[in-house]
Amino acid sequence: MSVVETKPFLQTIAFVGNPNSGKTTLYNKLTGANQKTGNFCGVTVDWVSAECTLDAQKIQLIDLPGIYTFSQITHDENQDGNEDEQITRRFIDEKQFDVVVNIVDASSLERNLYLTLQCLELGLPTIVVLTRIDLAQKKNIHFSLFQLQKLLGCPVVAVSAKTGAGIEELKTLLFAKPEIPKFHLSYPPMIEGRIERLVNEISPPVSRSQAVRWLEGELYSQEQLSNTEVDKIHEILSDTAKNDAELDIHIASARYAFIEKLMLSVIAPSSKMLNVQFIKTSKMTRWIDKWTCHRWLGLPCFLAVMYLLFFFAINVGGAFQDCIEQMTELLFVHGVGDLLRSFFAPEWMVIFCQGVGQGVSTVLTFIPVIGAMFFALAFLESSGYMARAAIVMDRLMLFLGLPGKSFVPMIIGFGCNVPAILGARTLDHKRDRILTVMMSPFMSCGARLAIFTVFVSIFFPHNGQNVVFALYLIGILMAIFTGLLLKKTILNGSVSPLIMEMPEYTLPTFRSLTRLSYHRLKRFIINAMRLIVPVCAVIGVLSAIHIPDSDSQAGQQTALSAMAKQVTPIFAPMGLTEENWPATVGLFTGILAKEVVIGSLNTLYAQDMGTSLESEPVHYQQALYGAIMTIPENILTLRGAFANPIAAKAPVETLDKKAHQEMQLRFGSEHAAFAYLLFVLLYFPCVSATAAMVREVKRGWTVFSVCWTTGLAYCISVMYFQLSVWFMQPVVSSIWCSAITLVLAATIWGIHLVGKQKGSRALPTQIVYKSS
């Protein structure tokens with residue numbers, strides 16, 4: 001089955017290169033796309049395509065995940081290679097393209113040329129593109145493009161995605177049809193002899209490049225070969241293993257020897273001396289790493305960076321939140337209601353439209369805090385610090401049975417769990433990928449942060465920063481607990497060592513940061529709007545439908561409250577009373593997306609069991625002025641906010657005034673509110689995250705994650721609330737705590753038994769690639 005449809009295009013071109021070589025940046029420049037870029041490996045986790053047009057002709061460009069080598073060498077029976085590299089290997093093996101554009105980082109030319117040689121050995125029509133020319137020049141690296149093109153036997157062009165230099169020349173080459181390069185790399189006689197045997201003695205004939213990959217240790221498929229040929233290959237490879245067990249090292253050495261000679265031919269003699277500017281840059285990087293990667297100081301530095309990140313998101317971003325919230329509510333809730341009533345619209349229509357407006361207002365209120373969070377994460381990724389964070393956390397990750405590299409997707413989970421789950425495919429072992437995915441939902445995403453800030457401003461105005469920090473810490477501890485449990489039971493196994501490229505520190509441009517943040521925020525807002533607005537509209541309608549109720553003083557109740565009251569007793573042990581049924585509705589709507597929770601609560605509490613959102617006349621000019629003036633007021637509090645970010649922000653107005661009062665009244669105590677936050681922190685991953693899990697680790701592990709997170713959330717929140725009210729009801733609380741302890745113990749014992757039965761079968765078998 002064809003991977004890419006090529007008929008509508010003049011030709012299809014695959015972009016291949018090392019991670020962090022500028023591949024995706026160049027792809028965005030040529031196509032106008034907005035793929036994510038970063039200063040660490042594993043940014044592209046799937047291939048993406050876009051069009052490029054020149055003189056009414058179209059070509060298709062495919063951006064493949066970064067890869068260091070096409071060779072799939074497996075010395076560990078449990079290692080199957082990370083999935084983004086497998087995507088690139090499969091794509092290249094299936095040859096569903098016309099031309100390969102090999103992106104080479106000119107500032108690290110020697111290392112990047114290893115993949116170039118493999119492209120040429122595979123006999124693929126290749127164009128070599130040198131990127132980051134400006135950085136190479138800063139390093140005083142100058143080379144002859146003509147000589148490089150002559151030695152490689154394929155077109156070579158130098159470009160700068162930053163300035164646009166060389167882009168037009170590259171476009172011309174892309175629309176041409178380059179010939180297959182006539183490149184031949186000679187190996188030592190002991191390797192050439194075995195290559196010749198494999199090429200000449202196997203039927204159907206295999207290519208020279210495939211023979212080399214077999215000798216490197218790549219597994220071969222038996223599907224298209226007869227038993228005789230399989231035995232013949234086994235005989236040659238067995239002879240290889242018997243006489244020289246490290247042929248892959250000799251093959252790599254031969255390639256690097258060729259690259260070394262090539263470098264001597266193409267690099268200008270003056271480039272062999274490093275200039276003062278480059279030395280200063282290197283010293284700066286080493287000086288910063290002396291602190292950020294220190295054995296003991298690295299972790300405090302990391303915690304300080306995380307604190308600054310949350311300060312920036314909550315306070316600097318939050319300085320604009322009150323203004324946006326008040327203005328959008330004025331426009332989309334009160335304004336819509338007044339407009340409809342002026343046209344004598346029926347009350348049900350007013351309620352429905354105000355529900356939609358409330359959903360829009362709730363989503364737009366997220367923009368300052370979530371946007372600031374995305375901006376800060378983009379800075380950490382682009383500057384090069386994210387790779388250092390993985391190094392710092394490597395020892396803790398090893399304790400959990402994970403490589404330090406798994407920390408990168410987990411830290412991204414503080415922005416959103418979905419890319420964190422998808423980012424786990426950059427890990428080399430499937431065991432590591434599953435374990436990372438199982439832990440990722442416990443990383444408190446930006447949507448949960450929006451919920452936390454509202455609750456702490458209402459219930460914990462004087463120590464809000466401690467409450468939020470405790471919630472984040474509890475989430476991390478539950479992730480650690482889950483990781484240790486699975487490591488000791490179902491997912492026991494060895495840990496792969498951390499091998500990670502350490503890029504130099506760079507100062508990303510404001511334009512690149514805003515562009516990346518904008519597109520992340522845009523996706524977040526669109527997805528949130530899709531869910532929150534319909535949910536708020538439906539809640540508004542259900543809150544307006546009244547049914548008879550003999551227990552109520554008014555003799556009736558809303559349809560929504562009737563349904564929620566049937567379920568609320570399940571959550572009574574964690575402090576939710578029947579009167580607080582809106583909180584129950586918030587939990588169920590939060591399954592769609594955690595962003596929906598605040599919108600649901602705001603709609604329900606503000607309507608006060610069915611009354612309209614419109615309760616008082618609004619003075620629009622005065623309200624608009626008050627909204628704008630919240631910006632300088634909040635900015636003036638930033639100095640004091642550093643010690644107490646949440647209390648200084650105090651976004652009480654993110655909920656309607658009536659909703660704020662109703663929430664305080666119905667929760668009744670800080671303990672019930674905190675138990676509710678614990679459940680929100682730990683329970684069911686949102687629908688998007690669950691779908692990402694199904695894609696990455698299949699249904700079985702997804703079902704386990706949903707059941708485990710929700711069950712753990714219920715147990716922890718009930719345990720906390722019962723302990724907090726133990727002096728008021730010691731017998732009842734003791735019974736609940738004992739029951740929860742027994743359930744947790746039985747669950748852990750059951751997981752242990754499953755792991756004992758499965759043993760090593762829980763780990764995957766090796767992936768065997770088909771012969772080309």
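For all residues, glycine too, the Cβ spot is worked out from N, Cα and C.
Quick caveat, the model's predicted, so the values are computed rather than measured.
Feature annotation from TrEMBL assigns domain 'FeoB-type G' to 10-180.
DSSP assigns Gly17 (GTP binding site) to a strand. The Cβ of Gly17 (GTP binding site) lies under 8 Å from the Cβ of Lys23, Gly66, Ile67, Asn102, Ile103, Val104, Asp105, Asn112, Leu115, each on the same chain and at least six residues away in sequence. Sequence annotations record features per position, and here TrEMBL assigns GTP binding site to 17-24, 42-46, 63-66.
Packing around Thr31 (Mg(2+) binding site) is summarised by its Cβ count: 19 other Cβ atoms lie within 10 angstroms of its Cβ, all protein chains included. Marked as Mg(2+) binding site by TrEMBL: Asn28, Thr31, Gly32.
According to TrEMBL, the feature transmembrane segment maps to 296-320 (among others).
Among the features that TrEMBL reports, transmembrane segment is placed at 363-387 (among others).
Residues or ranges marked as transmembrane segment by TrEMBL: 407-427 (among others).
Summarising the annotation, TrEMBL assigns transmembrane segment to 434-460 (among others). Among residues of the same chain six or more beyond the transmembrane segment (434-460), those with a C-beta under 8 A of the stretch's C-beta atoms are 313-314, 318, 365-366, 369-370, 373-374, 400-402, 406, 409-411, 413-417, 420-421, 424, 427, 466-468, 471-472, 475-476, 478-480, 482-483, 486-487, 491, 524, 528, 593-595, 597-598, 646, 649-652, 654-655, 660, 663-664, 667, 670, 673-674, 676-677, 680-682, 685-686, 689, 693, 696-697, 701, 704-705, 708-709.
Residues annotated as transmembrane segment in TrEMBL: 466-486 (among others).
Positions annotated as transmembrane segment by TrEMBL: 524-547 (among others).
Per TrEMBL, the feature transmembrane segment maps to 673-694 (among others).
Residues annotated as transmembrane segment in TrEMBL: 701-721 (among others).
The feature transmembrane segment is assigned by TrEMBL to 733-754 (among others).
Taking the C-alpha atom of Pro65 (GTP binding site) as reference, the shortest distance to any of the binding-site residues Asn28, Thr31, Gly32 belongs to Asn28. Within the chain, the transmembrane segment (466-486) has long-range Cβ neighbours (under 8 A, six or more residues past its boundaries) at 310, 314, 400-402, 410, 434-435, 438-440, 442-444, 449, 452-453, 456, 460, 645-646, 674, 677-678, 681-682, 708, 712, 716, 748, 751. Neighbour counts of Cβ atoms within 10 Å were compared across the binding-site residues Gly32, Pro65; the minimum falls on Gly32.
Distance noted between the C-alpha atoms of Asn20 (GTP binding site) and Asn28 (Mg(2+) binding site) is 14 Å. Under the DSSP three-state reduction, Pro65 (GTP binding site) is assigned to coil, being neither helix nor strand.
For the binding-site residues Asn20, Asn28, the largest tally of other C-beta atoms within 10 A is found at Asn20.
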